[in-house]
């Protein structure tokens, strides 16, 4: 290479260096770019250890929490006792078995009418030997029970009131349950009927309820899971929420878990879908009978069908209270028992679980015994004679007028979202920005593709946005089916329903709206709201019962018999078998949903659902719309 060529090469290299320096200067100074909305980053694909994932399933009565690798979760009463801030403060306690609507003038008459229907149903169903049951009147048992007096046991009660001598600010779980009523503590149950227990009384504000939840969950994580709170930054959380959820409450819970408690990431998923994961079923009509509410939902391939979601405002606690009423009619020998007494409520719960059943073959009067063990009281042994009361109480789930609840909304659906100022691209935004041309073209296409009954034109044109889950959004409140809701019952996540199905569903809804719907009828309604006959057949052949509210002997056979008798005749011919599953894989039905959350933690697809703490700080509730496995 000549000298001239070398100089030419050097000159080119120097020019390249000068260009690079200019580019660096531009980067340092900054270049004007068009303003664009921030793009939510794609979730990071990383290997996650399951033992660093905490699965959290909060219930009205019980909290279940544990690592995803745990065989069983920690199970704790979901209650907190808070010390009074002032010495003269009036004591307050949230009711457990007591609820509004019980002491109305019509309550007793309604209970009696419900009991007549229960007795008629008991008599109409023959026993396995083909003979009808002989009814047993409460008077027969009462004449014996009135003469019973308790016998003292040699051993004194080992139960003690929780020691509050060191004046703890709050007590959680079992300790809160056994706080002496004379101590200066308020007792709160932060979740009621599956929703945050927000009310107008003491400790009923949203801030107070969230503070109670944070205190309970933090305590259990430290004491039961043995995880220091400062180490939560290394842990992730899976939160199970009700199928009919309140968007605002879910947002506040995620905020609390990520920002207050300090989890590094979170996944939010629905209880019904997790129940199918936990039971190993791909599709099922999930019936979750809890302590204070019963929720129903049809799940297909990990998707909860919105139209099939239903929440009934009764559960196991109502059965316990009904059993107590029946015991009193039969002359219950423990005459000091009170529903307002926490310790008596625990006893009644135990008696229900021990004595009640759904076995038609058990008939006639039978003698039983039970013990009372109360703090600072001697242990006593009682004899009691019972007849049909043991069967009548759980049958109230199928005839809920027996609960005697008057003036309360007993059935609720999920309806449209009220919008969130932090989520500008919500349903209201989509509806508002959709052009009239798009709406009219969509409506005309639907009119051409679907046969319409007279007078239905134009109704679907009011629909906008994604049709997959615009069926109604949001707060877990009761639905008033007026004209504004006429278009909010569109199809589930799988396909749109034809107008005839919409009309039939609206007609059906108006028939039972506001009434207490029996469990069997609610199951039939939930399945009937599925869009296709094929899906309905799947659901009839896989009815999954979870939760602790239906843990009675022969409950599976009893429910199966009622579904078979009441299902539409057209399906009776095509459905091969109606299968009710109460103990999938021989597991405790109360743990199925939690177990499903643990399974969810191990799935590869879960990688796409994690909401990280930094993302939540930056984008807020929009992350739920982007990452939630269900349509937010």
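Don't overthink the numbers, they just go from 1 along the chain as shown.
Glycine is no exception: its Cβ is also placed from the backbone N, Cα and C atoms.
As recorded in Swiss-Prot, the features of this protein are as follows:
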BINDING   288, 289, 290, 291  ATP binding site
COMPBIAS  1-30  compositional bias 'Basic and acidic residues'
COMPBIAS  434-443  compositional bias 'Low complexity'
REGION    1-43  region 'Disordered'
REGION    410-429  region 'Disordered'
REGION    434-494  region 'Disordered'
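Apart from 288, 289, 290, 291, the ATP site neighbourhood in this chain, defined by C-beta within 8 angstroms of the site C-beta centre, holds 59, 60, 292, 293, 294, 295, 315, 316, 546, 547, 548, 549.
Residue 291 (ATP binding site) has a Cβ environment of 27 other Cβ atoms inside 10 Å. Using a 10 Å Cβ-Cβ cutoff, residue 288 (ATP binding site) registers 28 neighbours.
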